[in-house]
Structure formats: structure tokens, C-alpha cells
Amino acid sequence: MVFYKYSGSGNDFLITQSFKKKDFSNLAQQVCHRHEGFGADGLVVVLPSKDYDYEWDFYNSDGSKAGMCGNASRCVGLFAYQHAIAPKEHVFLAGKREISIRIEEPNIVESNLGNYQILDTIPNLRCKKFFTNNSVLENIPMFYLINTGVPHLVGFVKNKGLLNSLNTLELRALRHEFNANINIAFIENKETIFLQTYERGVEDFTLACGTGMAAVFIAARLFHNTPKKATLIPKSNEFLELSLKNDGIFYKGVARYIGMSVLGMGVFKNGCF
């Protein structure tokens, strides 16, 4: 079984093809493991589709399925073009979402995430029980729960340096309380936003999270009056341009091919697939 490794904004993914829908959860856990596998934030399985150029099944590194992953959408778009599965401009199905892809040479990929949904606005008081003494999060007056394909909790700090002082245990508690990824961000100016994301399914900070960047972008736009186009800078420092248009949220940034790996037959005998 052949896996192609791609990276987008600091997220890395293993991409493979299958002609049938199967449960790849165990396989995802093994191949995404950083020490015992090839190492990746997630596994993308590209499948044939009657109505679209292709569709995918996406798995987090812990084997859980997710309907959407923003940076993976750009990576799989580049993969599909480079492997003659789809043209430069195409549409694929991610769960129930139609994702449009546009590739600009040599490796700039734009994807349309589609629409978003504001699920809730959460005052600080509802979260205080999860904070430790002198918590960075204490001074965030309001959190925003936003669905950009998967749910994200977003809060803004007033000092960029605080992004490096976040408490993993606090974010993990919030992640389980709201069953969402946790994003803490700083608006440097109206068009530049820094963020850190604690991602469910990875259960730790990640170098980047596309849907998390989208949620932060929307929260900043709606509640902090930022413009319809901004640059988001995650932990990886690989920036992503986000824009809001009539038909949804658009990502635009670099995606790159890293390498290829081949999985031997031993994994099949061990019952991992």
C-alpha cells in the first residue's frame, strides 16, 4: 500500500487511494504514529465518486474520523492534480461538504471551505472552573463556538506573548467540555492574526489547523471588526490567506509534496487493515 506525504501550513498528512469504502481507523493509528509509523497529523483516503472528481475519508492520527480538515483539503487537491485524478480546478466531496479546489503554479492551492455556523457565545464565567491560578485564559471575556466543518472554540488574548504560555491541561479540559478544538488567538493588526490550536483527535497543540484558522478568522471578522481578508499565522509560522466571499470561506497557501512510503504486507497479517 502506497502513501504520499504532503504538508500544508505545517500540518502533514498521509494520502492513499482505495476503490472501496472501508474502516481505516486502525491503519490511521499505525501509519500516523510519530515513532512506530510514518508520522502524520492525519490520513486521507481518496475514493472514487460518481458525482464529483473524487471523495475522501479523513482520519485523525488517533483513528477518529473527521468530516473536514482545511489544510488536508489543499494537500489532497494538489495530490489529485499531480496524480492526474483531477484538473487544476475541481470539486471533491468531504463528508457532506463540496470542496472546490484551484491550483496556482507551482504549489499554491486555494480551497473553498464553504459556509460556517455560529454555535454559541460563551462568557468567561462558564469556563472559569477549568482555569488554574493566574491562567492566561482568565482575561478572555468571551469565547465563541464556531463550526467550520468541525467545531472550534475561539478566544482572543491582548498580548501575543501569552500564546506561548498556554496551559495544555486547561485546553484539554475545555476540549472535552465543549467537544471542540480550542483556538487562542491574538489580533496583531486588522489583517494579521496569530493563533495556537489544541486539536481534538491529535490531543495536543498542532503546528497548524486549517478549520481552526477559519474559525478564528470568522470570530475576528464578526466580533472584532477585521476585514474580509486576513493573514493567519499558526504555530508553524507558515501563513495562510483567508478571505470571506459570498459562497464561503476561502483558504490560500502553500501545499507541498514531501515523499512516498510503502507499507508492507505484515500490517495486514497483524490485523491492522
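Cβ atoms are placed via backbone N, Cα and C, with glycine included.
Worth saying up front: this structure is predicted, and the values here are computed from it rather than measured.
As written in Swiss-Prot, here are the features:
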BINDING   Asn11, Asn60, Gly70, Asn71, Asn181, Glu199, Arg200, Gly210, Thr211  substrate binding site
ACT_SITE  Cys69  active site, proton donor
ACT_SITE  Cys209  active site, proton acceptor
Over all shown protein chains, what is the count of other CB atoms within 10 A of the CB belonging to Asn11 (substrate binding site)?
28
Counting only residues 6+ away in sequence within the same chain, which have a CB under 8 Å from the CB of the residue listed as 'active site, proton acceptor'?
Asn11, Gly70, Asn71, Asn181, Asn183, Thr197, Glu199, Pro234
Largest inter-residue Cα distance among Asn11, Asn60, Gly70, Asn71, Asn181, Glu199, Arg200, Gly210, Thr211 [record-listed substrate binders, Å]:
15
Here the binding-site residues are Asn181, Thr211; the one whose Cβ sees the most other Cβ atoms within 10 Å is Thr211
For Cys69 (active site, proton donor) and Thr211 (substrate binding site), determine the Cα separation and express it in whole Å.
6
List the other residues in this chain whose Cβ sits within 8 Å of the Cβ centroid of the substrate site residues Asn11, Asn60, Gly70, Asn71, Asn181, Glu199, Arg200, Gly210, Thr211, in sequence order.
Asp41, Gly42, Ala66, Cys69, Ala72, Val150, Thr197, Gly201, Val202, Thr206, Ala208, Cys209, Gly212
For Gly70 (substrate binding site): DSSP state (helix, strand, coil):
helix
Of Cys69, Gly70, Arg200 (the recorded positions), the residue whose Cβ has the fewest other Cβ atoms within 10 Å:
Arg200
